[in-house]
């Protein structure tokens, strides 16, 4: 039997729970439309306060995920995985609950009907009440919640998150946005904080009722004493939320030096490390915000300050063993990063309507990164005890095709490689355009320029070729290939001709075609055929697209054609009578930990084949660089190695 108030009454409503804000919104609209002289309206202020509370949690969560700034001060090295994200789906339930608790209070106590905007004396009374009443009361209640019955039925939920966060929950964004069309002002305000998640709000209704009552004591008491004000209510609630976010983050942001300079502050200010020890050991550090009460109650963890110093100094940091060096694709998709919309990145990227208002901000960021940016950490995960990270070169797809931007991009990639080498990274894999042949010869430029590199540079194209080839059925006898003289095109053509497959290579360069043809064994050369027009493929149902083709060019494909592709961006799915393959990708092994970000348009746990190729290079311990042309003889070897290590085709 489910314990009383251990689940939310609107749990089955999903996003329709936001309709519960409807009566407050209706009250505000009615007052504005039909009252000649609108009175002080608590419904309006409660709605605004809900939105501001969501904004506080959103901002704190976003800052918490600025891994490129905070990675050396992380309290917990493991990152948030999809399982935790899903378990923390609706973090903002408590804001909805507190909205109605606040509304009940305004109708119950007449003192709230005519509050001034400002009363300076109220802040002092509220502070004294917080220190003398709220802190010890919370401490006592928190200890009770750790008793067997209450912990099992209520408080264990709060401790279920492996990685401490400042927020919790989100929902499928397509469903969210469709439901928002029927919702109103407050739902739109809530969109931002629903896109993020964390652990401060993850608790049962009973706990949030208790915490709401405790938080309301200084507000109610100060108002009853005649010193209350509207700014006091806003200030106390938002500062309370901010301090709550501070402790529930996984980045240590409180410098130990302030405790060395003013030792008494360590009993007045708690830190993320302090709260982490409570979550880890559970029998110490019960305080709300002031460790003083743990000291008085003899529950203060003796390791708190020592561990705090260690974490803040970066001694706890694990440097990466493998790095995937990616780049931005376009302006709007650059929002698909953890420190902008954290839960949005737990879903494959797709263009959503809510993104377009953010375009100006994204574009401004594009310009700033172009002028001042360096490669930065975006996401990470752990595989078999080894840290894998994805870094991003601050350049966008269109910039790779600007002749004057070439040297700057190569400088950015070189800086990232040197940084990885300095950190002791074993393998760095170059994504898509970062290994463009015209840009740096598939990474050859860096290997030649930096002969003393310890880090192995790889383009991962050997496994990419293997993935593309695995998707071509064995019974296929004829293939039409665009981008035929590229690195991947060359390897695919040579591999297929060994299987006796006739490959129509679309290219106008007879010299480049013959160069590839001459690499094939003499008995297989006849399988490679140069074509210069799409009409040549009008009877071929297997197309491998390595160079972007227009809908008009797709018309030459016969009905039932399957378009395999390794072109970025993917071609438009124009033909209803044909099928389209996705970009070459592989699913990471099942034992991956801390993965909570989708790689661009890939499904959860799936990464681009060049990323997977770098992982295989690292796991196999290859000592060579994998740059330049693809060794066709290695395609089957790398594929078997990927299977051995648990990577799987999508």
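Glycine residues also receive a Cβ, built from the backbone N, Cα and C atoms like all the rest.
Automated prediction, rather than curation, is the source of TrEMBL annotations.
Note that the coordinates shown come from a computational prediction; the quantities given were computed from them, not determined experimentally.
Taking TrEMBL as the reference, the stretch among 11-32, 143-164, 209-230 described by the feature transmembrane segment is residues 209-230. Segment annotation: TrEMBL labels transmembrane segment over residues 353-373 (candidates 353-373, 374-394, 395-415, 416-436). Most Cβ pairs under 8 A with the transmembrane segment (95-115) among the ranges 46-66, 122-141, 209-230, 353-373 are made by 209-230. Restricting the average to the domain 'Very-long-chain aldehyde decarbonylase CER1-like C-terminal' (479-649) gives a pLDDT of 95.
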